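See structure below.
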Amino acid sequence: MRAITHRFLQSNCSIIPATLFCVTRNMSSRANHDDDFINVGFSSTPRLVVKKVLAKPQHEGDGAVVRRGIGRPELKYFDPFVMLDEFSVSPPAGFPDHPHRGFETVTYMLQGAFAHQDFAGHKGIIRTGDVQWMTAGRGIIHSEMPAGEGPQWGLQLWINLSSIDKMIEPRYQEVPCEDIMRAEEDGVEVRVIAGEAMGVRSPVYTRTPTMYLDFTLKPGAQMQQSIPETWNSFVYVIDGEGLFGSLNTSPVSAHHLLVLGPGDGLTVWNKSSRKLRFAVIGGQPLNEPVVQYGPFVMNSQAEIDQAIEDYQFSKNGFEKAKYWRSEN
């Protein structure tokens, strides 16, 4: 029996209404989401900021401090997004062996490197600009630890899986920096981690339809980005400050998450004297019940209880957990 003593499991179970902060209309989660990016011109209905959340520091893992934008009291869940953390972690702090079930994690390194190992034998290092898209599915145990001196900086996004996908086999998509699609024009640069922007499309497959775009705007630049009208979307400001959605707003600076209201596109202006960097992230709502207990995200309390039992007794996807320990 594997005791539940890790910090990742030391949290109360939360039941999250499926409609919590859903700003778009319903849509089947099994739609052909490639079509969402086809023949979508720029917005006739611009998305405006309807909520601003400061990602405040909090302790997580083993001695690590993260800034959490989604998954905090002000924004517990934003369908289909379970969590967004900005991390800056220095050794020996990190995220030692811990389980996941029922969702996907997307780790995007902004600077530095993180070492990853899991109980299926996968291991590697993701470095500046690299992306690791991990589908936990029915269960995985892994470690994530800084692989260099000083702060290792990045973003980690948790994306919920639909009820029919929660128990699929785990899988990885690892995309090195040089393979991420890019475009640049008129002082606007974008790295397309998922979805499509400025005429380029990411090859990453997103089981829950998702867009993930990393924009950098030079001083004086302006960008316009289409977003499928039925999706929920938000912005996370990484560096600098800008105007989002309307010129009749105050500039928003780093570490703020902006929930966007209904519409089919976003406009951003950089009126400052320095570069502005931000992520635009959107996804198709699942419109399903959500029950979360730490690193387990399911649809019911019974499924959470089963996940805890499976982890404790190393079964139903956690068989290798009985003897495996990471080398980190």
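Cβ coordinates come from backbone N, Cα and C, glycine included.
What TrEMBL lists as Fe cation binding site is His98, His100, His142, Glu144. If you look up TrEMBL, you'll see 66-159 marked as domain 'Pirin N-terminal'. Sequence annotations record features per position, and here TrEMBL assigns domain 'Pirin C-terminal' to 212-316.
When pLDDT values are averaged over the domain 'Pirin C-terminal' (212-316), the model yields 98. When the domain 'Pirin C-terminal' (212-316) is classified with DSSP, helix, strand and coil residues number 12 helix, 50 strand, 43 coil. Secondary structure at His98 (Fe cation binding site), as computed by DSSP, is strand. Within the set of binding-site residues (His98, Glu144), the lowest number of other Cβ atoms found within 10 Å of a Cβ is recorded at His98.
The DSSP breakdown of the domain 'Pirin N-terminal' (66-159), given as helix, strand and coil counts, is 0 helix, 65 strand, 29 coil.
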